[in-house]
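First comes the structure, then the notes that go with it.
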Amino acid sequence: MDLILIVIAVLVVLALAGGLWLYVGRRQGDLPEDLSAHKPTSIEDLFPQEGQEGQAAEEVGEREEPGAEPEARPAATTATLESPESIPGRMQRLRARLAGAGGFGKAVLSVLSRGDLTEADWEEIEDTLLTSDLGIEVTTQLMEELRTQAKVLDTSDPQAIRAVLRSELLALVDPDLDRSVNLERPAAAEGAEIAGTPAAAILMVGVNGTGKTTTCGKLARVLVAQDKSVVMGAADTFRAAAAEQLSTWGQRVGVEVVRSEREGADPASVAFDAVRTAAEQEADAVVVDTAGRLQNKAGLMDELGKIKRVMEKVAPVGEVLLVLDATTGQNGMRQAQVFAEAVGITGIVLTKLDGTAKGGIVVTVQKELGVPVKLVGLGEGADDLAPFDPEGFVDALLG
Ligand SMILES: Nc1nc2c(ncn2[C@@H]2O[C@H](COP(=O)(O)OP(=O)(O)OP(=O)(O)O)[C@@H](O)[C@H]2O)c(=O)[nH]1
C-alpha cells in the first residue's frame, strides 16, 4: 500500500514539474520576438524591402490620429520602418529641385550674355543681386568684379562670362569651410554620473516654424541610413504637439524619442534625460529638438543656455545647429543673430530653399554669423535634407 502511495506521489511531482517546464519554455520562446520588435538587430531589419513604404506611411498616418499612444518608445514597436532614399539619389534629385527653383545666378547670367552691356543692363544686374538677399556690401563687391572682368573679357562670350560668375559666386559661398556635422563621440564630463559612453550631441535651435522638428527627424533618418544608432530628445516642451511630431518621426525612422508627458516641463531636464539615455544605450548620436517661441531675448538666452549647460554635465555638445527658414530673408537674419548670441552655434541648416529663388541668403547668413551652412532642406519629404555642397549649389543657381 505504502509503495502504491509513493508511486502516486512521484507521478504527481513529475506531472507538476513537466507543466512548469512547458510554461517556462513558452515564455522564453516569446522573448526574442519581443526584443526584435523593440530593437532592430541588423541593417536589413531597418530597411524593409521595396514595396513596403506605402504600408509604413499608412501606419504612421494612423499614429497621428488624435488620442494616439503618447508615450515615447522605440519606434519599431508599432510602425514598419520606411526605407530612406540612397544618398546619391537624394543629391541628384535635390540639385534638380534647386535648379528648378531658379536662382539669381540664372537671371544675372542672362543679362551678362547679351553682349555689350548698357548702363541699364548693369542696373538690372545690380537690382537682381540686391533682391536676392545678398545684401548691399556683397552686391557692391560682386558688381565691381563683374564690371572689371566684363572689360577684360569679351562679354559676348557666354561661356567666359559664366566661368567668371561661377568663380565669383563660389568664392562668396566659400568652399573651404568645414561643413561636416560633428559626429565625434566626446569624452564624458568630469564627475558625470552616467552609465555608458556619451553620444555625439546635436542641439537644434531656431525660431518656431523654421523646420527644427522636421530637420531633427530628417537628420536622424540620414544617420540611421548610415548605420548609426540615434536617440532623439523632445526638449520643445512648449506644446505637446511638438513632442508628438518628433515621436512620429522616431517611429518612422526607428529611433527612440525621450520626452516628457507633461506640457511645459523643464526642457533642460528632458535634454539631460536624452543625453543620459543615449549614453546608457551606447548610441552614436543624440539629436535634441528645442522650442523657439520665447517672448524676449533674455528668456531665450536663459533657456537655451540652461539646456546646453545641463547637457554638458554629461559631455560637451559638439554641434549646435541653427535652423533658418530661407524664405524669411533679412527678417530671419535678425532672429538668427539673437540665437547666435544666446547659444554659440556651430552650423546652419537652411530650410525651405525649395520655396525661394533667393539663393543669396546662403552668402549673407554665413557672413553675418561666421559659421557655415552645413545642411539644406529642400522640401517637406523625409529625404529632402542634404549636405550643403557649394559647387553643386552654385551650378544649380547658374542652371
Ligand atoms: N518646403 C519646405 N517645407 C519645410 C522644410 N522643412 C520644414 N518644412 C515645413 O515647415 C513646417 C514647420 O516645420 P517644423 O519642423 O514643425 O518647425 P519647428 O521649427 O519645429 O516649429 P515649432 O515646433 O513650432 O517650433 C512644416 O510644415 C514642415 O513640413 C523644407 O525644407 N521645405
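Glycine is treated like the rest: Cβ placed from N, Cα and C.
A TrEMBL annotation is a machine prediction, not a hand-curated record.
Per TrEMBL, the feature GTP binding site maps to 206-213, 289-293, 351-354. The Cβ of THR290 (GTP binding site) lies under 8 Å from the Cβ of LEU203, MET204, VAL205, LYS212, ALA235, ASP236, PRO267, ALA271, GLU303, LEU304, ILE307, each of which sits 6+ residues away along the same chain.
For 48-58, the entry in TrEMBL reads compositional bias 'Low complexity'.
Sequence annotations record features per position, and here TrEMBL assigns compositional bias 'Basic and acidic residues' to 63-72.
Counting residues 6+ beyond its ends, the domain 'SRP54-type proteins GTP-binding' (372-385) has Cβ neighbours under 8 Å at 82, 84-85, 90, 93-94, 97-98, 174, 177-181, 211, 214-215, 217-219, 221-222, 252-253, 321, 347-354, 362, 365-366, 393 in the same chain. The annotation domain 'SRP54-type proteins GTP-binding' is assigned in TrEMBL to 372-385.
Summarising the annotation, TrEMBL assigns region 'Disordered' to 43-87.
Sequence-distant neighbours of GLY209 (GTP binding site): residues of the same chain at least 6 apart with a C-beta under 8 Å from its C-beta are ASP325.
Under DSSP, residues within the domain 'SRP54-type proteins GTP-binding' (372-385) fall into helix, strand and coil as 0 helix, 6 strand, 8 coil.
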